[in-house]
């Protein structure tokens with residue numbers, strides 16, 4: 001710890017000194033102290049508006065602080081022993097009511113113009129439905145140009161491995177660490193450049209075409225925010241909000257964003273990664289995705305319990321451990337280790353059903369995982385951590401339940 | 001002004017209460033005020049300790065000290081404790097002590113209710129904080145409230161931990177306490193003013209508190225409504241906030257912020273009153289624009305009812321609604337600006353000295369203006385789409401609440417402690433408290449503007465690497481600020497134990513007002529015979 005802190009201090013000092021000079025081009029280094037200039041026209045207008053307003057308030061602030069400073073220096077008792085007696089001045093009072101009012105109007109006009117522009121979601125070429133889940137994003141491509149039934153969807157989760165972010169120094173008591181207790185004192189891995197921003201399946205959109213996002217949520221309120229696209233939109237269960245982005249051609253690249261509305265435990269762990277590609281490349285990618293989606297689900301049975309367990313362990317770590325604990329000890333979600341639910345045979349069908357359809361705070365995984373993955377993870381939950389039921393669930397069982 | 005016979009305190013009608021009973025059954029506005037102030041300070045330290053845990057976790061990227069779940073509990077309970085436990089009771093305490101003294105009343109109008117409204121609070125917070133203790137020592141399970149101090153549905157309803165019910169009960173109790181306190185202020189101000197003390201002669205602190213009291217009565221029932229709807233959603237099958245049952249999660253935010261925005265002014269209007277008392281005293285010059293201060297306060301209060309949705313620009317409101325709330329919000333900066341200009345004009349060509357209360361008051365004017373200006377930036381809706389829910393917002397409201405509301409309470413304490421305790425607060429400890437707080441509070445909150453603009457969302461337990469450097473310094477500022485408050489604890493103990501230089505009835509030569517006409521410390525009963533104000 002000690003050396004890291006000293007390191008931080010040194011880096012912090014240096015960065016404070018040179019922060020005005022940093023002009024690196026990638027997301028992680030490009031801006032650590034001011035609003036990002038943005039890549040879409042709207043984002044750039046917002047950035048311009050931000051600069052204007054920042055100048056105005058800075059000047060007002062400096063003016064007021066300057067007056068206070070002058071007063072503090074010149075009107076102290078040692079310099080100015082007899083106080084003046086004025087305590088009213090109608091002219092001044094009216095003046096400093098009207099001037100701010102005029103400044104406000106000057107700011108409101110451009111703000112209104114940008115707001116109206118932002119509100120116009122018409123004439124988009126691609127429509128993507130964005131769904132917030134605790135704690136991952138789902139993307140569903142609805143329409144693209146003349147194709148009104150694209151039918152491509154996938155889930156996008158944090159790709160930073162726990163080895164990089166779980167570095168506990170204490171294991172309980174007043175500072176509970178919960179699931180990562182067994183990692184206490186373990187050496188922490190170096191953090192990736194895009195730590196806490198990288199995902200497994202990024203959203204892919206074309207450049208030069210207006211993309212409309214329909215933003216909603218499956219559970220609590222999230223907020224879909226990509227700073228370079230200019231602003232955020234809340235993802236609210238039961239509502240569909242609209243927003244849009246048009247990344248100009250020539251600005252292809254990877255853009256990052258994060259969830260901006262507190263959504264529970266892993267609020268900080270559900271980033272957004274967008275790959276903006278040229279239109280031809282996008283069409284190729286979309287065609288390939290459509291092909292994959294059209295293929296029948298893989299229902300080949302697992303050869304052995306071990307084979308299913310191997311797949312299940314991975315799925316569990318990626319999707320379930322957040323709530324149910326890395327060792328099935330429970331947490332926000334039900335405990336599996338030694339529980340009736342995961343060991344008694346009368347609960348087997350229910351177990352599969354809850355995974356598919358969800359229950360209360362447990363999200364439905366039907367669209368997120370393949371039948372094969374669901375079969376594997378149910379098998380894993382019923383055999384790991386000493387549950388040892390011997391139940392081997394096959395993809396076909398899950399498919400029937402669907 | 002009037003003259004007061006100091007002899008009044010001698011013929012005490014009641015036998016002087018002592019020991020525990022003095023405090024438990026007190027109907028004396030001064031004792032109840034003292035209880036409120038100590039309670040507020042205790043909650044300030046408790047909430048501050050939670051902030052230290054938050055800053056410890058955020059000192060570098062990665063999860064080092066707490067689970068993200070426990071982190072959320074800390075941000076939630078820190079906010080609730082500071083808002084409902086530290087700032088609001090702090091100002092009620094000041095109102096209790098000072099309003100009767102300032103208007104020449106013998107006590108608050110409803111002394112038994114006064115007792116009750118205080119004694120509800122320790123129980124309310126025992127209920128709320130018990131869930132944190134259970135969580136801290138029970139390894140995060142069961143969980144304390146973890147949905148942010150704004151407790152948005154459905155995170156707090158369908159997905160809330162079991163302790164949400166404790167939270168609901170405790171919010172109800174805090175609400176009852178606040179409403180009773182507010183009624184007491186209104187009744188006292190309207191009925192117990194000394195002869196000749198017309199409304200437009202009242203000290204500005206009394207005015208701002210009167211307006212605050214009306215705000216409290218208007219909005220605390222709305223908060224009670226919100227938590228009651230949560231309760232029935234959680235347990236009685238209603239669907240106010242559940243879209244699946246035909247309800248509306250956004251409704252929650254409308255109801256909450258209809259309470260929440262006036263609440264913001266509840267926490268700052270009394271501060272305006274305090275500063276308007278202190279600056280004239282140490283500038284030795286009458287407050288500039290008394291009448292416009294009163295009207296500005298009233299307009300801020302009225303406007304506070306039509307700006308609530310500026311907290312919700314990103315929920316997807318219709319364009320017309322968004323524009324309305326943007327314009328109204330920008331409008332609030334006009335009366336707020338008037339206040340700041342009036343304070344500057346009061347200092348202008350005065351004859352200033354910089355005793356501790358004045359130091360805090362000038363700091364307030366400057367730092368509150370910073371918070372006000374970032375507030376104006378946040379009102380510009382298209383840019384708010386970028387600022388919203390980032391550390392920029394965190395910086396903004398800590399500038400207005402910590403270096404705004406809390407700093408004026410320090411100012412008030414240094415200003416009136418001689419009157420309350422009869423001894424002068426230690427200059428050495430006070431200066432240490434002031435300078436350490438002044439530097440650390442800016443190290444703590446100013447860089448938050450930068451990380452917020454750069455894109456760090458608030459309520460994040462872990463963050464991307466480009467935010468690391470500023471977060472380190474923010475944490476250092478946080479620990480420094482937290483420790484600096486121990487100087488204030490020392491000052492309070494020094495005064496409570498009556499150690500130090502004895503205070504005169506009027507320790508500040510430029511001070512005016514009835515409170516300086518009674519001896520220091522103020523006797524147990526004052527103004528049994530009302531003074532006559534000319």
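Keep in mind that glycine also has a Cβ here, set from the backbone N, Cα and C atoms.
Curation does not apply to TrEMBL; its annotations are automatic.
The domain 'Cytochrome oxidase subunit I profile' annotation in TrEMBL covers B:23-534.
Residues or ranges marked as transmembrane segment by TrEMBL: B:35-56 (among others).
Sequence-distant contacts of the transmembrane segment (B:76-97) (same chain, six or more residues past either end, CB-CB distance under 8 Å): 29-30, 32-37, 39-41, 43-44, 46-47, 50-51, 54, 108, 114, 117, 121, 124-125, 128-129, 132, 144-151, 167, 171, 174, 178, 181, 185, 205, 209, 212, 263, 266-267, 270-271, 274, 401, 405-406, 409, 412, 416, 420. If you look up TrEMBL, you'll see B:76-97 (among others) marked as transmembrane segment.
What TrEMBL records for B:118-137 (among others) is transmembrane segment.
Sequence annotations record features per position, and here TrEMBL assigns transmembrane segment to B:166-192 (among others). For the transmembrane segment (B:166-192), the list of distant contacts is 80, 84, 88, 92, 95, 99-100, 103, 105-106, 108-110, 113-114, 116-118, 120-121, 123-125, 127-128, 130-131, 145, 151, 202, 206, 209-210, 212-214, 216-217, 220-221, 223-224, 227-228, 230-231: same-chain residues at least six beyond its ends, Cβ to Cβ under 8 Å.
Per TrEMBL, transmembrane segment is recorded for B:204-231 (among others).
Among the features that TrEMBL reports, transmembrane segment is placed at B:264-283 (among others).
For the transmembrane segment (B:290-311), the residues of the chain that approach it from at least six positions outside its boundaries are 200, 204, 207-208, 211-212, 214-215, 218, 253-254, 257-258, 260-262, 264-265, 269, 272, 276, 317, 321-322, 325-326, 328-329, 331-332, 335-336, 338-339, 342, 378-379, 381, 384, judged by C-beta separation under 8 angstroms. The transmembrane segment annotation in TrEMBL covers B:290-311 (among others).
Taken from TrEMBL, the feature transmembrane segment applies to B:323-348 (among others). Counting residues 6+ beyond its ends, the transmembrane segment (B:323-348) has Cβ neighbours under 8 Å at 272, 275-276, 279-280, 283, 285-289, 292-293, 295-297, 299-300, 303-304, 306-310, 313, 317, 362, 365, 368-369, 372, 375-376, 379-381 in the same chain.
Summarising the annotation, TrEMBL assigns transmembrane segment to B:360-380 (among others).
Positions annotated as transmembrane segment by TrEMBL: B:392-417 (among others).
Sequence-distant neighbours of the transmembrane segment (B:429-450) (same chain, 6+ residues past either end, Cβ-Cβ under 8 Å): 356, 359-360, 363, 367, 374, 391-392, 394-395, 398-399, 402-403, 407, 410, 414, 470, 473-474, 476-478, 480-481, 483-485, 487-488, 490-491, 494. According to TrEMBL, the feature transmembrane segment maps to B:429-450 (among others).
For B:470-493 (among others), the entry in TrEMBL reads transmembrane segment. Through the fold, the transmembrane segment (B:470-493) approaches residues 38, 41, 44-45, 48-49, 51-52, 55-56, 58-60, 410, 413-414, 417, 425-426, 429-430, 432-433, 436-437, 439-445, 447-448, 450-451, 456, 463 of its own chain, all at least 6 residues removed from its boundaries and within a Cβ separation under 8 Å.
Under the heading region 'Disordered', TrEMBL lists B:514-534.
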Long-range Cβ neighbours of the transmembrane segment (B:264-283) (under 8 Å; 6 or more residues past either end): 83, 87-88, 91, 94-95, 203-209, 211-212, 215-216, 219, 293, 297, 300-301, 304, 339, 342-343, 346-347, 350-355, 357-358, 360-362, 364-365, 368, 397, 400-401, 404-405, 408-409, 411-412, 415, 508, 510-513
